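Comments concern the structure below.
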Amino acid sequence: MRAVSVWYCCPWGLLLLHCLCSFSVGSPSPSISPEKKVGSQGLRFRLAGFPRKPYEGRVEIQRAGEWGTICDDDFTLQAAHVLCRELGFTEATGWTHSAKYGPGTGRIWLDNLSCRGTEGSVTECASRGWGNSDCTHDEDAGVICKDQRLPGFSDSNVIEVEHQLQVEEVRLRPAVEWGRRPLPVTEGLVEVRLPEGWSQVCDKGWSAHNSHVVCGMLGFPGEKRVNMAFYRMLAQKKQHSFGLHSVACVGTEAHLSLCSLEFYRANDTTRCSGGNPAVVSCVLGPLYATFTGQKKQQHSKPQGEARVRLKGGAHQGEGRVEVLKAGTWGTVCDRKWDLQAASVVCRELGFGTAREALSGARMGQGMGAIHLSEVRCSGQEPSLWRCPSKNITAEDCSHSQDAGVRCNLPYTGVETKIRLSGGRSRYEGRVEVQIGIPGHLRWGLICGDDWGTLEAMVACRQLGLGYANHGLQETWYWDSGNVTEVVMSGVRCTGSELSLNQCAHHSSHITCKKTGTRFTAGVICSETASDLLLHSALVQETAYIEDRPLHMLYCAAEENCLASSARSANWPYGHRRLLRFSSQIHNLGRADFRPKAGRHSWVWHECHGHYHSMDIFTHYDILTPNGTKVAEGHKASFCLEDTECQEDVSKRYECANFGEQGITVGCWDLYRHDIDCQWIDITDVKPGNYILQVVINPNFEVAESDFTNNAMKCNCKYDGHRIWVHNCHIGDAFSEEANRRFERYPGQTSNQIV
């Protein structure tokens, strides 16, 4: 029996090579099933296309000696699970459609593929039959597998390439080597990595289009003119090693290897005769101009409010793409979403070209409108809105198809100034930071006082380890290392900083209430995170006033669900005026939302008949238009469970019988308007115009991919007898101008909502 043979694809630096991942299903050990057969013919599987990582790509199947693809009609995550196992991975994390990794060639072997997800082979799934398809290769399906191999499958790094030489990596080398150079490097000689090492590029025929592509690869939105007289003078004094010439880019390429270019032959003795090394100068985006303290370039910042943004990403320059239309933010459908459109987004935001064009809500799902679909960009557009697109209807797309991007970023070196020690894996440990000046650098610890989730978010981002799962104030349970000095305290971050040095902190005068290495800061990072959003329309639809007798509120009083004035009321006579509404809280992230406290510390509440896992999960507030709080919900504790879920998502959590608590990805927890404490006590509120505000996870106790969408606001008018609640929206769903109009709302003059 044949062993498994594997041709594995390259890491990102090589992504734009013409390479394929190929897997032969065999049996190198008893843990792998025998080679799968269809009739008398065996099947082989591989991943193809670019740009991609080794565990993702267009699925190709070899049957009867002929390679072919799979149509995306009726393709699901369950089918992706089966195919990823065929390819030697443990499971799928997503799938793609519309030839995201480029169209294949040859036969389309399978169409309308329908799997349960538990099949041992794709041959056990239903389909139209082998070779029976009405699709084109523009509908080729792809898979994103979990980067974890099945036991027994080889994990080779052999790369199958079409040409011997390819441009794998590009850098800028400053012409002047001495002195302390600030990062990122924005100007210098263009060098490409070839098998024999780094080589320069001949500047004969070099154009601004070439510079534009190089700058985009290196994380910069644009290029600028260079003082070539200076570089020509330097070139005469140095020896150069040229490896590349005749580069001709259109300017829309995401990588230099996609341009027309030629390599010098090994025996060529007249390399770049009469020419000089190519030099490029790039423009910093606004984020990095601020980071380096440089003055912002005019190119870097568009006038007026941005009309595109990224949400839900762990790092700068990645996230779900959202666009502004008619004062409201919405998402982009991933149909025909490609690297060209993604690069337009990245450059518009001040980054370089796109490293990945993400589909299938890889950065979590949005909520609300989907503004664009089938966006087709040439790559030259200054804004995504300049690209042709399709007017979308409700039937066209769902939020499970939200598009995302990962952009090329400038190299800043911030990840070299931080490290973790003592943890069980590279994703956790005690945080150590490097301080000092060159020649006198040392590593030190961070005081754990006030260290929390927001600070951990910045640390995990700086480390390149994704999202923060926990921010730890004590790390005594991890092995202590040689580093014992506390060099940073009082760290306060907003969560958006590029490094801990950008957060407010003490460095010269360390103040730490608890001394010793056991009370230093630590983190646990994660590749995925939850993302909670409140269904704002349901709040608006269900809000009403109830005058509830005091004799029915003893349990609520015990739970501290009433205003403080209730303590002096004439119990059990009288009543409290309550603003009731339903809260439907969705988890649209990529990880389950779990309470911070373990089961051992949950509290039993006799009145409600179940355990509460979080003391503070949501704040309910009534605010004046200027933001002054006049009433609050006092909802003391919560039980988290899956009330309902999206199609094909199963419930995992329930409060009954001391069950596990949480909210599964794709599910929501519903607090109905008629349950105890689902209200705000407005007995003491005077008639007027107010803002109803609901904030989920207000103390950042549990990590999420995005905290900016945790607040919901509504305009409301209370006349002493009735209340009108309208204009409810997630806090960041409106444009800046629409938010200003919301806050200036003058109130109602009649029952008519305007």
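Any Cβ shown, glycine's included, is placed from N, Cα and C.
Listed features, source Swiss-Prot:
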type	residues	note
SIGNAL	1-26	signal peptide
DOMAIN	45-146	domain 'SRCR 1'
DISULFID	CYS71-CYS135	disulfide bond
DISULFID	CYS84-CYS145	disulfide bond
CARBOHYD	ASN112	N-linked glycosylation site
DISULFID	CYS115-CYS125	disulfide bond
DOMAIN	170-283	domain 'SRCR 2'
DISULFID	CYS202-CYS272	disulfide bond
DISULFID	CYS249-CYS259	disulfide bond
CARBOHYD	ASN267	N-linked glycosylation site
DOMAIN	308-408	domain 'SRCR 3'
DISULFID	CYS333-CYS397	disulfide bond
DISULFID	CYS377-CYS387	disulfide bond
CARBOHYD	ASN391	N-linked glycosylation site
DOMAIN	418-526	domain 'SRCR 4'
DISULFID	CYS460-CYS525	disulfide bond
CARBOHYD	ASN482	N-linked glycosylation site
DISULFID	CYS493-CYS503	disulfide bond
REGION	530-733	region 'Lysyl-oxidase like'
DISULFID	CYS607-CYS655	disulfide bond
BINDING	HIS608, HIS610, HIS612	Cu cation binding site
CARBOHYD	ASN626	N-linked glycosylation site
DISULFID	CYS639-CYS645	disulfide bond
DISULFID	CYS667-CYS677	disulfide bond
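Feature map: annotations from Swiss-Prot on the structure.
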residue: CYS71; record: disulfide bond; DSSP class: strand
residue: CYS135; record: disulfide bond; DSSP class: coil
residue: CYS202; record: disulfide bond; DSSP class: strand
residue: CYS259; record: disulfide bond; DSSP class: coil
residue: CYS272; record: disulfide bond; DSSP class: coil
residue: CYS387; record: disulfide bond; DSSP class: coil
residue: ASN482; record: N-linked glycosylation site; DSSP class: coil
residue: CYS503; record: disulfide bond; DSSP class: coil
residue: CYS607; record: disulfide bond; DSSP class: coil
residue: CYS645; record: disulfide bond; DSSP class: strand
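Looking at which of 45-146, 170-283, 418-526 has the most CB pairs under 8 Å to the domain 'SRCR 3' (308-408), the answer is the stretch 170-283.
On a Cα basis, CYS493 (disulfide bond) lies 30 Å away from CYS639 (disulfide bond).
In this view, CYS645 (disulfide bond) is surrounded by 18 other Cβ atoms within 10 Å of its Cβ, with every protein chain counted. With respect to their backbone Cα atoms, CYS125 (disulfide bond) and CYS493 (disulfide bond) stand 50 Å from each other.
For the pair CYS259 (disulfide bond) and CYS503 (disulfide bond), the Cα-Cα distance reads 41 Å.
CYS71 (disulfide bond) has a Cβ environment of 24 other Cβ atoms inside 10 Å.
Across the range of the domain 'SRCR 2' (170-283), the DSSP-based residue counts are 21 helix, 38 strand, 55 coil.
Look at CYS125 (disulfide bond): DSSP puts it in coil.
The DSSP secondary structure for CYS460 (disulfide bond) is helix.
Here the Cα atom of CYS460 (disulfide bond) is found 40 Å from that of CYS202 (disulfide bond).
Here the candidates are the recorded positions ASN112, CYS249, CYS397, and by Cα distance the one nearest CYS525 (disulfide bond) turns out to be CYS397.
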